[in-house]
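As recorded in Swiss-Prot:
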| type | residues | note |
| --- | --- | --- |
| COMPBIAS | 437-454 | compositional bias 'Basic and acidic residues' |
| MOD_RES | Ala2 | N-acetylalanine |
| MOD_RES | Ser417 | phosphoserine |
| MOD_RES | Ser425 | phosphoserine |
| MOD_RES | Ser442 | phosphoserine |
| MOD_RES | Ser454 | phosphoserine |
| TOPO_DOM | 2-35 | topological domain 'Cytoplasmic' |
| TOPO_DOM | 57-72 | topological domain 'Lumenal' |
| TOPO_DOM | 94-102 | topological domain 'Cytoplasmic' |
| TOPO_DOM | 124-186 | topological domain 'Lumenal' |
| TOPO_DOM | 208-216 | topological domain 'Cytoplasmic' |
| TOPO_DOM | 238-286 | topological domain 'Lumenal' |
| TOPO_DOM | 308-319 | topological domain 'Cytoplasmic' |
| TOPO_DOM | 343-355 | topological domain 'Lumenal' |
| TOPO_DOM | 377-383 | topological domain 'Cytoplasmic' |
| TOPO_DOM | 405-473 | topological domain 'Lumenal' |
| TRANSMEM | 36-56 | transmembrane segment |
| TRANSMEM | 73-93 | transmembrane segment |
| TRANSMEM | 103-123 | transmembrane segment |
| TRANSMEM | 187-207 | transmembrane segment |
| TRANSMEM | 217-237 | transmembrane segment |
| TRANSMEM | 287-307 | transmembrane segment |
| TRANSMEM | 320-342 | transmembrane segment |
| TRANSMEM | 356-376 | transmembrane segment |
| TRANSMEM | 384-404 | transmembrane segment |
Amino acid sequence: MASCVGSRTLSKDDVNYRMHFRMINEQQVEDITIDFFYRPHTITLLSFTIISLMYFAFTRDDSVPEDNIWRGILSVIFFFLIISVLAFPNGPFTRPHPALWRMVFGLSVLYFLFLVFLLFLNFEQVKSLMYWLDPNLRYATREADIMEYAVNCHVITWERIVSHFDIFAFGHFWGWAMKALLIRSYGLCWTISITWELTELFFMHLLPNFAECWWDQVILDILLCNGGGIWLGMVVCRFLEMRTYHWASFKDIHTTTGKIKRAVLQFTPASWTYVRWFDPKSSFQRVAGIYLFMIIWQLTELNTFFLKHIFVFQASHPLSWGRILFIGCITAPTVRQYYAYLTDTQCKRVGTQCWVFGVIGFLEAIVCIKFGQDLFSKTQILYVMLWLLCVAFTTFLCLYGMVWYAEHYGHREKTYSECEDGTYSPEISWHHGKGSKGSEDSPPKHSSNHESHSSRRRNRHSKSKVTNGVGKK
């Protein structure tokens, strides 16, 4: 009797909710080819952990205090990553292996805890920590103190334009190519690119290196570097969307060359999802969600410049580019999870990686404000309000343009995940949300046995276009 009272049969909504959230937070591997790499090894890891800790505890020389602290920190990070592999969720991706994305999530949690720790230090303690990491930072200077910006903008020569194509210009180009691969929307990418240039104008009174000549900002940044990167990233997206994804097992490949090729392809997406951030039937909640996405994206970019300005290190320092690479790694699953939450009517909560990324963005901003009070005391509130209004206006224009384009040129057949109801059924659920952003949805099966040959061929070319629940959310 007690068991009957304590148990509860899951409703259809509960099944839908758990299934859709699991697909973005705990994606399962559908095409296991070598069982050894996906079988649990908890006892092996436990034995390795105990033996290695015993070895380091009783054999290493502990006479150097600084060396003890440094190696202790590295050991804590290493074993925390082991716990991450054992306990943390896969996230939306499983290529090349779920353990990699568990460690990425573990590193993001460590970075979040580190930012919390920084909030309880004073500025001198933070600087001492930086000097301990790199003694050369004692002699670092701000770029704004040794360089001039937006000087002689009326002098436009070919030599001067070419001189601006440095390593940072190529960094902008490849950075925007990667952003396009993550966002997969010309409209949003161009809106973020233009909005960022407006952000530089509104925060120029705080960061002098935001000052640029008009031709540098419009031609070199927006059109060439950002625009070229967006174009390249979207070309790759379109190529991956048109591919047919069918993965053969290692056991079915009998040649050495074939096995090597399959091993290399393990580092490529298992499938590719067609992404549509906005459509004519979207509600105001979707508009507000995309606006929040734009604000957090701009905030994360701003943190990059405020951190190196307040704590004084160059853009070429590992603290700068290392953070950029790290943020890029955790952005990939974050965007995928946020897109699913925003567009899937059955997904009622954000993924854990998305949650941690949001906290990191705001914590970085809080750290900047806490330790840069002298800088932020010069803030013009009017500029900040105008910046928020400009972001809202450009976001509205972007979404209006996307709706207009969808109404006039964007007609296409709906996939299962774009049906009105979005409810769970044994046949539809296999299609409904397996799509992941550059990740792990398996090719969908055909829905009808009496379709024509041309329809089957069209479906084969759109196998990877299953999106995760674009509904009326």
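Using the three backbone atoms N, Cα and C, a Cβ is placed for every residue, glycine included.
Only sequence-distant pairs (6 or more apart) were considered; of these, at least three Cβ pairs between the transmembrane segment (356-376) and the transmembrane segment (320-342) are under 8 A, so the stretches are in contact. Only sequence-distant pairs (6 or more apart) were considered; of these, fewer than three Cβ pairs between the transmembrane segment (103-123) and the transmembrane segment (217-237) are under 8 A, so the stretches are not in contact. The list of residues near the transmembrane segment (187-207) in space but at least 6 beyond its ends in sequence, with Cβ under 8 angstroms from a Cβ of it, reads 144, 176, 179-180, 217-218, 221-222, 226-227, 230, 233-234, 277, 290, 294, 297-298, 301-302, 305-306, 309, 375-376, 378-380, 383-384, 386-387, 390-391, 394-395, 397-399, 401-402, 405. Here the topological domain 'Cytoplasmic' (208-216) returns a mean pLDDT of 83 for the predicted model.
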